[in-house]
Amino acid sequence: MILLTIFWDTLLDILPIAAIIFGFQYIVIRKRIQRLPQVLAGFFMVWVGLSLFLVGLEQALFPMGELMASQLTNTDFLPAVEQGVQRHWADYYWVYLFAFAIGASTTIAEPSLIAVSIKAGEISGGTINPFMLRIAVALGMAFGITLGTWRIVMGWPLQWFVFAAYCLVIIQTLRSPKSIIPLAFDSGGVTTSTITVPIIAALGLGLAASIPGRSALMDGFGMIALACLFPIITVMGYAQIAQWKDKRKQTTPHLSYSKAPPPSKGDNNAL
């Protein structure tokens, strides 16, 4: 019954998209769609795929994310403290390590990031390395999620972190190569897609529900905002480092080797 409900809800979500596309094609552009059977088959696959993906989220990703957060913050798992003593933020180091690892691994496997990095490499003519771009984005995502978990543990307001991150983004935008800035901002958006968002949301909600004094509504959300910002920072940082290395190679003075002095002539009167 739940499966049928999800299939029906997904169909209702896809129908407006299909109506807009076909409406513009036939009413505004007034041209027939080439290979219409393939297009319809593609829409059918999208419908089935999204429905099964949503089922997988409900059955696996959301429960596992919340379960990992609750297990890593369980008092039996954390270092023992005396009764009445407030737990130190460093006691949750396994939470930070898990957040960093899951953030990096899910980003590397993100289909939208793979597609964008390949396209960026093709358009740039090989100037942008697709794999290094994915690594830079993955590191940014990992740092953002780790910082988000630390914020939940500390209970600090989200706006402080967002303000500081945006200030850093603005400074980097002024000093980064202009060609990389649009790609850096797009990289922050493509990371928060089908794979990463469910795990991040489940981890944040589970962590906020497991730590005493935290609210799932006030503290559980907000990790996705940091996950979007930090890939922008790391991609522009990667571009700045690459630019600095390139300038360093160009300005490195070439060693000039002086010619060896000619051999001295022997004394003619020596013999």
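Backbone N, Cα and C atoms are what each Cβ position is placed from, and that goes for glycine too.
Per Swiss-Prot, the feature region 'Disordered' maps to 252-271.
The list of residues near the transmembrane segment (2-22) in space but at least 6 beyond its ends in sequence, with Cβ under 8 angstroms from a Cβ of it, reads 33, 43, 46-48, 50-51, 54-55, 58. Look at Swiss-Prot and you will find 2-22 (among others) tagged as transmembrane segment.
Residues 2-3, 6-7, 10-11, 13-14, 18, 194 of the same chain, all 6+ positions outside the transmembrane segment (36-56), place their C-beta atoms under 8 angstroms from a C-beta of that stretch. Look at Swiss-Prot and you will find 36-56 (among others) tagged as transmembrane segment.
What Swiss-Prot records for 94-114 (among others) is transmembrane segment, and it gives sequence analysis as the kind of evidence.
Annotation source Swiss-Prot lists transmembrane segment at 130-150 (among others).
Taken from Swiss-Prot, the feature transmembrane segment applies to 152-172 (among others). Same-chain residues lying 6+ beyond the ends of the transmembrane segment (152-172) with a Cβ under 8 Å from its Cβ atoms: 89, 92, 95, 204, 207-208, 211, 213-214, 219-220, 222-223, 225-226, 229-230, 232-233, 236-237, 240.
The transmembrane segment annotation in Swiss-Prot covers 193-213 (among others).
For 216-236 (among others), the entry in Swiss-Prot reads transmembrane segment.
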